[in-house]
């Protein structure tokens, strides 16, 4: 399975404290209509940290059901508890997801050996494609290129990484050590085009929740060798990318989708509504981009 192009780290809509299945299905359909290449439910943007285990499973199930095989579904299934990650990954496979996005264990701060053994343990019990999710700003631990190379060499299930450091030196080293068949996806919307230029294959995007066509078109243009179009779209996306991170993700992106009329503005504590000054900035940026 190739995970290439623009994948949306899709939000989880809530209504009255519960997952809003109707709006979620509508969002999925809109994403597909807009040409997105794949979807990632239950990631950071999907507020996986505040979903119950039953809700987590429901969100994956709904996403797979609604997609109906039209595009790949890469299900968020990671945990800092290895046994829990195994259970979530097993469910993702049974539900029909095409792969699992597995965050490096957070809070525990494992060594590189601990990271290696974590992913090895998951693969020993569930055989499906894994994308390792490296986001040190949230986990407190960076998985090194050498460790990824070891995983890639020893564990066939580890087919790529979502690299959210924005560090192009690290991206280059990953591709150098793992080879160009290893799938490196950007986890940083600001550096998608530079990552593609050194051999990355796509992005797992926050911004594409709002502008799926623009993000996927940029990836397609680059793949087709149309660098002028890719560069133009990169700069058109830049102010929207900044807007999506005015405050902690997914607060701005859920606010944007609510302004667009696509979801209710509801998130779970400890996330809270966007500050008024940032709401005004967000609205202005979206209006200038023709989104509102």
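Just so you know, the numbers here start at 1 and follow the chain as drawn.
Note: Cβ is positioned from N, Cα and C throughout, glycine not excepted.
The active site, proton donor/acceptor annotation in Swiss-Prot covers 133. The Cβ of residue 133 (active site, proton donor/acceptor) lies under 8 Å from the Cβ of 43, 78, 101, 102, 103, 104, 161, 162, 164, 187, each of which sits 6+ residues away along the same chain.
Swiss-Prot lists 162 with the feature active site, schiff-base intermediate with substrate, giving sequence analysis as the kind of evidence. Mapped onto three states, the DSSP output places residue 162 (active site, schiff-base intermediate with substrate) in strand.
Just so you know, the Cβ of residue 204 (pyruvate binding site) picks up 30 other Cβ atoms within 10 Å once every protein chain is counted. Residue 204 (pyruvate binding site) falls within a strand when secondary structure is assigned with DSSP. Annotation comment: Swiss-Prot describes 45, 204 as pyruvate binding site, evidence class sequence analysis.
Residue 44 (site 'Part of a proton relay during catalysis') falls outside any helix or strand according to DSSP and counts as coil. Taken from Swiss-Prot, the feature site 'Part of a proton relay during catalysis' applies to 44 (among others).
Neighbour list (residue 107 (site 'Part of a proton relay during catalysis'), Cβ cut-off 8 Å, at least 6 residues apart, same chain): 80, 139, 140. Residue 107 (site 'Part of a proton relay during catalysis') carries neither a helix nor a strand DSSP state and counts as coil. The annotation site 'Part of a proton relay during catalysis' is assigned in Swiss-Prot to 107 (among others) on the grounds of sequence analysis.
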Long-range Cβ environment of residue 44 (site 'Part of a proton relay during catalysis'), under 8 Å and at least 6 residues apart | 9, 135, 138, 249, 250
Give the sequence-ordered list of residues that share a chain with residue 45 (pyruvate binding site), lie 6 or more positions from it, and have CB atoms under 8 Å from its CB.
-> 9, 10, 11, 206, 209, 249, 250, 253
